[in-house]
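Chemist: Heads up, here are the entries from TrEMBL:
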BINDING   95, 100, 105  oxalate binding site
BINDING   98, 100, 105, 144  Mn(2+) binding site
DOMAIN    51-197  domain 'Cupin type-1'
SIGNAL    1-24  signal peptide
């Protein structure tokens, strides 16, 4: 990661640690599970097959990719307060700083190595370099990231969440790919509008 990119990420993370985050959790349900009205439920309803693409012969993505098994992709999770994600990291890729407002994240590294970290509400950064078999927890609602710094080998991780819909707020995308006024961002980051516009260009579709 270049020093310029590192400085930008540090600015972004620092800015968001001062934001008061509203946290929520899944409501308790009064039935064993939630099924679509009028549907005939069998074992297939409780089975998710979306991770089969991870098995050989699979194609490695060119950029970071998250395969989710949340309430949206796997309706049987509705009301169960749990979800899962497979995180594929090509060499040198990153899962940019983000938050999950409704759950902590428990990450298990299956292959490769990852540099991970999060920032707490006192603006303290906690980092670790993970090896296969390691588990790392990202506390609920805090800004965190994962980076495969190995430029030769991919990495694969699996994350569990204590919510069927943990939510993901991408910090760079939220700041620089929305309609927040350039002047507001320039003041927030103590820079000029030209710099903000340059950053936004990188997120233009």
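Every residue, even glycine, has its Cβ placed from backbone N, Cα and C.
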Chemist: Would you mind listing, in sequence order, the residues at least six apart from residue 98 (Mn(2+) binding site) in the same chain with a Cβ closer than 8 Å to its Cβ?
Modeler: 143, 144, 145, 168, 169, 170, 171
Chemist: Within its own chain, what residues at least 6 apart in sequence put their Cβ under 8 Å from the Cβ of residue 95 (oxalate binding site), listed in sequence order?
Modeler: 64, 66, 87, 89, 145, 146, 147
Chemist: Per-residue pLDDT averaged over the domain 'Cupin type-1' (51-197) comes to what?
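Modeler: Summing pLDDT over the domain 'Cupin type-1' (51-197) and dividing by its length gives 96.
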Chemist: Long-range neighbours only, meaning 6 or more apart in sequence with Cβ under 8 Å: which ones does residue 105 (oxalate binding site) have?
Modeler: 137, 138, 144, 159, 160, 161, 166
Chemist: Hey, what's the Cβ neighbour count for residue 100 (oxalate binding site) at 10 Å?
Modeler: 24
Chemist: What are the other residues, in sequence order, whose C-beta lies within 8 angstroms of the center of the C-beta atoms of 95, 100, 105 at the oxalate site?
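Modeler: Everything else in range on the chain: 85, 98, 99, 107, 138, 144, 146, 159, 161, 166, 168.
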Chemist: Using the CB centroid of 98, 100, 105, 144 as the Mn(2+) site centre, which other residues of the same chain sit with their CB within 8 A?
Modeler: 99, 118, 138, 142, 143, 166, 168
Chemist: Quick one: give me the count of other CB atoms within 10 A of the CB of residue 144 (Mn(2+) binding site).
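Modeler: Within a 10 Å radius of the Cβ of residue 144 (Mn(2+) binding site) lie 23 other Cβ atoms.
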